[in-house]
Ligand code: AMP
Ligand code: MG
């Protein structure tokens, strides 16, 4: 195990690509540059709030003990072995071209060398302004940092590709935020998360170089990405092969989100990882009640562009932006069919996942109709998604009446069923039981498959909200319990959290919907 103060870093990105090494933190455009040096701005006092021991062990990082090591986690200490920088990227936000964006409050300290493995980037989020902060302060509040810290770890333990969080520290400094965007700005405690990923490159890094017509650098970045992160791809047609793999990974990622009912909330192209990781946790949410139109992001409300049910098609739209950025390197005639293949790839993966969720053996003809019937019925009845699928695992193999079915699913419901809804649910469950009957695997194996596919514990927004309220008052009990529970999402060990969202949380800000203010 090595200390964060050790020399165990490389500086590959900054020594490969042109950057602005001046260290100037004034906001500006940086044409011709892929990054700008940004030394973190020191904070009042760095206090450790959370440390991911298992991740640290995997990375070979020793838990900080002395203040100087802790200071690294809050940007108060940067060593010679590091080279702190903010990456320059662009993106499409809510469907419109936004031009240069860049890491406005994220600073990569360096690439950490994992023993006998590759490197990961260590990045501080909230460590002060960079050349890309535009009019904002480069800081993050405790509220959003706790959400990022817990949720990225929760996604990891759910088995979903994600950036990780190594640490969460308080800065001892207040940060001014207008949480509801209504002119009532208030001070909130500041915090910093140390994020970890093999790479934080986004679709937007590639879009930027194409928009600036820096084709040589675009080629260099694509080559670098392939050789470092997709080393199995070689040969003359490697760029198109790579693009197809990015499509595969992105489709897999979204299928995983749909599996657990995760809504990202801000699927802008600058928040789409080139490695297919869940990245940039903001106003995200799990579904409580099953609603394809649900978006957790108040800014997204008019169009619901980033609603649960639209995530698969938005991913396709975003891949289209990436394809457009690659036009200087690959012929359109190759890019377009590759892009179109997303649909086939997505549906194939999606139906396989849904088959697993439902405990079906191999998909048979008619199964896609049954899956659609599930989607439609759930959208009408709006049960709690997580609880519904848990109940489905132990469904009695005979259900004689409408009322029996309604009673069985009662604990997953937010509202009493209408007669029509009861009938619809009964028809669905009858069809499902018929299909289960045709399974060639045993009931036990089918239930095993369902238990592995359907989480029982999810980090609901109201739980996060309560944990944050506690932390702001210095109470750590719920925060710590959630850190444990999120490590075993498929077990029933934390059934104290196995209940529908309480009524009081339905309309409360932060418990269902959130703003981008963070
Ligand atoms: P997001 O939608 O949260 O991924 O952020 C979009 C852009 O805004 C990114 O370039 C961020 O770095 C930047 N940004 C968000 N919050 C801040 C902040 N407090 N200070 C500086 N830049 C920010
Ligand atoms: Mg972002």
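Here the Cβ of each residue, glycine as well, is placed from N, Cα and C on the backbone.
Sequence annotations record features per position, and here TrEMBL assigns active site, proton acceptor to 270. The number of other CB atoms found within 10 A of the CB of residue 270 (active site, proton acceptor), across every protein chain shown, is 23.
Other Cβ atoms within 10 Å of the Cβ of residue 137 (ATP binding site), summed over all protein chains shown, number 16. TrEMBL lists 102, 104, 105, 125, 137, 138, 195, 202, 280 with the feature ATP binding site.
The Mg(2+) binding site feature in TrEMBL is assigned to 271, 280. Taking the Cβ of residue 280 (ATP binding site) as centre and 10 Å as the limit, one finds 23 other Cβ atoms among all the protein chains shown. In the three-state DSSP scheme, residue 280 (ATP binding site) falls into the coil class.
What TrEMBL lists as compositional bias 'Basic and acidic residues' is 1-10.
According to TrEMBL, the feature region 'Disordered' maps to 1-26.
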Could you give the Cα-Cα distance between residue 102 (ATP binding site) and residue 271 (Mg(2+) binding site), in whole Å?
11
Relative to the Cβ of residue 271 (Mg(2+) binding site), which residues of the same chain, six or more apart in sequence, are found under 8 Å away?
91, 202, 264, 279, 280, 282
Intrachain C-beta neighbours of residue 195 (ATP binding site), sequence separation six or more, cut-off 8 angstroms:
106, 122, 123, 124, 125, 148, 152, 163, 164, 165, 166
Close-lying binding-site residues around ligand 2 among 137, 195, 271, 280, where CB distance stays under 6 Å:
271, 280
Fill in the CA-CA distance, residue 270 (active site, proton acceptor) to residue 137 (ATP binding site), as an integer in Å.
19
Residue counts (helix, strand, coil, in that order) that DSSP gives for the compositional bias 'Basic and acidic residues' (1-10):
0 helix, 3 strand, 7 coil
